[in-house]
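So that you can see what the record holds, here are the features copied from Swiss-Prot:
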BINDING   ARG40, ARG46  NADP(+) binding site
BINDING   ARG140, SER141, SER142, GLN261, ALA262, GLY305, LYS320, PRO321, ILE322, SER323, THR324, ARG346  FMN binding site
Amino acid sequence: MLRWTTAGESHGQALIAMLEHMPAGVPISREEISFQLGRRRLGFGRGARMKFEADEVSILGGVRHGYTIGSPIAIMVGNTEWPKWTTIMSADAIDESDPDVAAAMSSGRGARLTRPRPGHADFAGMVKYNHDEARPILERSSARETAARVAAATVARSFLRETLGVEVFSHVISIGRSEIDQTVCPTFEDLGRIDDSPVRSASAQAEASMIDQINAAKKQGDTLGGIVEVIVNGLPIGLGSHISGEDRLDAQLAAALMGIQAIKGVEIGDGFEEARRLGSEAHDEIVLRDGVVARQSNRAGGIEGGMTNGESLRVRAAMKPISTVPRALQSIDMDSGKRATGIHQRSDVCAVPAAGVVAEAMVALVLARAVLEKFGGDSLAETKRNIAAYNEYVKTRIAFDGE
């Protein structure tokens, strides 16, 4: 089974992504990974770090001459700020009697962070892991970690492109109270235009409103959340299964997207809106079109009973406003127990545009795993043969003489 994990901290030396059981023969390059990481840095409302953050990519294993070789893939994303943090984030024990070490630890960066931020992992993490400050928690819970997931997912994207000829893309549905017209339905061909939008919106009208909302929040010392939609066209029927809860593709997608920092809700297709409809209005009727089984609509978002049904996959993720609010919220100092305001770290006003790119990454990883579970293969060529045979079967299964 395809597996992935990451290691590293926000201000550590580097982030590491590990990807296991990817078949041999999948094309991948540092340039392609860097391109996706660059997309992750996009977006109006991002903080100062995005202006100088350069993701230095190194492929440490699992790839030779531009192709995966079947062994575990290790990708390192270097941190350009590391020289400023070598003492504070040192993996080795430090000697605080050393003048240089003492100076670093008494600096602004080295200050103990004892005032947890509401909405962040700080408080629960300090208690759970018995830390006397929040630094060990916020370093790992930071959304900087998603850079490693985007790197790993670049391999999954290439695998999906080579095996199924599909692309994973996203756009921003809403930021704050601004949202696009629900009739807007972009395709992968629109991605360049979407990425050129400061807020990654497919609607110029909505874009202007979203930018206004972000500017207003920034002026007020506040932050904003929003909703992104990920779309994949051309998936085969039958990825995932109804057999058990953990096999359901929608459950896997929801778990993966909820695992992104600040994501608080996920819906497949029309999702929550379906709960407000009558049954006769909620489901996608099955018809024959040119002798082939087809659907009248796609309210289900391409998944029924935990399996892809041949329609476009549509999944949305709701991101809460960033927890590090410049206008600091009320908190408690965990040293003294006295009232305080939450610590303030450099952060974004709005990271919804970037969240779309991270959501793409998680969808790509889950889909790549589902493809390998369905079709297997130790090499790309073997997987493609298996898919081709299945596609021939499906053609005969859904074709009928008739209307």
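Quick reminder: no glycine exception, Cβ is built from N, Cα and C everywhere.
It should be emphasised that the depicted structure is a prediction, and the values quoted were computed from it without experimental measurement.
Locations of recorded Swiss-Prot features on the structure.
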residue	record	DSSP (3 states)
ARG40	NADP(+) binding site	helix
ARG140	FMN binding site	helix
ALA262	FMN binding site	coil
LYS320	FMN binding site	coil
Message: I'd like the Cβ neighbour count for THR324 (FMN binding site), meaning other Cβ atoms within 10 Å of its Cβ, all protein chains included.
response: 21
- request: Calculate the distance in Å between the alpha carbons (Cα) of ARG140 (FMN binding site) and ARG40 (NADP(+) binding site), and round it to a whole number.
  value: 18
- line: By the 10 Å Cβ-neighbour count, the most surrounded of the binding-site residues ALA262, ILE322 is ILE322
Set of same-chain residues at least 6 away whose C-beta sits under 8 angstroms from LYS320 (FMN binding site): GLY119, GLY225, ALA262, ILE263, LYS264
Field: Cβ contacts of ARG40 (NADP(+) binding site) (under 8 Å, same chain, 6 or more positions away)
entry: THR146, ALA147, VAL150, ALA354, VAL357, VAL358
Field: Cβ neighbour count (within 10 Å, all chains shown) around SER142 (FMN binding site)
entry: 18
Query: When you measure from the Cβ of ARG140 (FMN binding site), how many other Cβ atoms are you left with inside 10 Å?
result: 16
